[in-house]
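Colleague: Structure provided below as structure tokens; questions to follow.
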Amino acid sequence: MEGAGAARKRSRPDTANGGAAGGKRSRETESFQTGLSSKLKPCTKFFSTIGCPFGEGCHFSHFVPGGYQAVAKTLNLGNPAVPAPARAPMDHAAGGNSHPASSGKTRMCTKYNTAEGCKFGDKCHFAHGERELGKPAYMSHESAMAPPMGGRYGGRPEPPPPAAMGPPAGNFGASATAKISVDASLAGGIIGKGGVNTKQICRVTGVKLSIRDHESDSNLKNIELEGNFDQIKQASNMVGELIATISPSTPAKKPAGSAAGAAPAGRGGPGGRSNYKTKLCENFVKGTCTFGDRCHFAHGENEQRKGAA
């Protein structure tokens with residue numbers, strides 16, 4: 001009798017413990033399975049004007065393809081365009097500031113521009129910036145996955161830069177035209193054989209060069225340069241160097257009435273010009289001579305000739 005009683009006493013705690021453990025495991029399994037099955041159902045509070053207070057810990061789904069429209073059709077919530085009136089709308093679950101909720105974001109969020117920021121993010125019933133004013137308070141899953149409007153501590157997003165209106169200020173009115181009046185006898189030397197000199201000036205500087213008759217003096221020619229200011233300045237310097245090379249002793253605007261003025265008409269070689277290669281080229285010493293072998297000045301003492309007696 002005592003042995004049987006002891007056996008019963010020993011078996012009762014085991015049975016009790018086993019029963020308790022089994023009951024606990026069965027309840028956990030049931031709760032787990034219930035949680036899995038409930039995640040397949042949409043949260044009716046989340047898709048209402050009240051909002052779900054459980055957040056990510058909710059056992060029901062907060063993300064349904066199609067958003068509120070699909071949930072309203074599935075659960076027969078009536079007209080999806082007119083949400084049910086809220087019984088206890090709140091600004092924030094932890095803030096305690098009560099504001100009436102509506103189908104659109106009509107007021108600014110009081111927590112968004114603070115140091116701690118708004119913890120509700122895209123689910124907030126209030127606008128995070130002026131661009132969200134008037135937008136629906138409840139957006140679908142696709143819109144919730146869109147990039148945020150700003151950082152946690154950011155304020156209003158910066159507007160895009162305005163489009164450029166017309167050409168830049170630096171290029172406005174840059175094109176210009178300049179005239180250089182020279183002796184008509186120098187025109188052939190400035191043009192060069194086959195236009196080699198004028199072509200080189202246009203190729204190096206990028207200007208448009210043309211030689212025309214003077215308006216009033218038949219003994220002069222106008223060299224017209226068209227381009228921007230830097231191009232015209234560079235071309236003018238090259239024309240001045242060319243004129244000095246052709247006739248270093250003849251002024252640019254001196255009429256060709258004397259023998260000295262008529263002499264520079266031809267380019268010629270050592271036999272055709274008495275001052276050919278008789279002086280050193282100043283630009284060659286500086287390394288800025290652009291005429292090369294066609295230069296009428298000596299590029300070094302080995303090319304320098306003695307002037308005619």
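Note that Cβ sites are derived from N, Cα and C of the backbone, with glycine treated the same way.
As annotated in Swiss-Prot:
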type	residues	note
COMPBIAS	251-265	compositional bias 'Low complexity'
DOMAIN	175-239	domain 'KH'
REGION	1-36	region 'Disordered'
REGION	86-106	region 'Disordered'
REGION	249-273	region 'Disordered'
ZN_FING	37-65	zinc finger
ZN_FING	103-131	zinc finger
ZN_FING	275-302	zinc finger
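Can you tell me where each of these features sits in the structure?
Modeller: Secondary structure of the domain 'KH' (175-239), assigned with DSSP and counted as helix (H, G, I), strand (E, B) and coil, comes to 32 helix, 22 strand, 11 coil.
Mean pLDDT for the zinc finger (275-302) in this predicted model: 77.
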Colleague: Under DSSP, the zinc finger (275-302) has how many residues in helix, strand and coil?
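Modeller: DSSP composition of the zinc finger (275-302): 8 helix, 2 strand, 18 coil.
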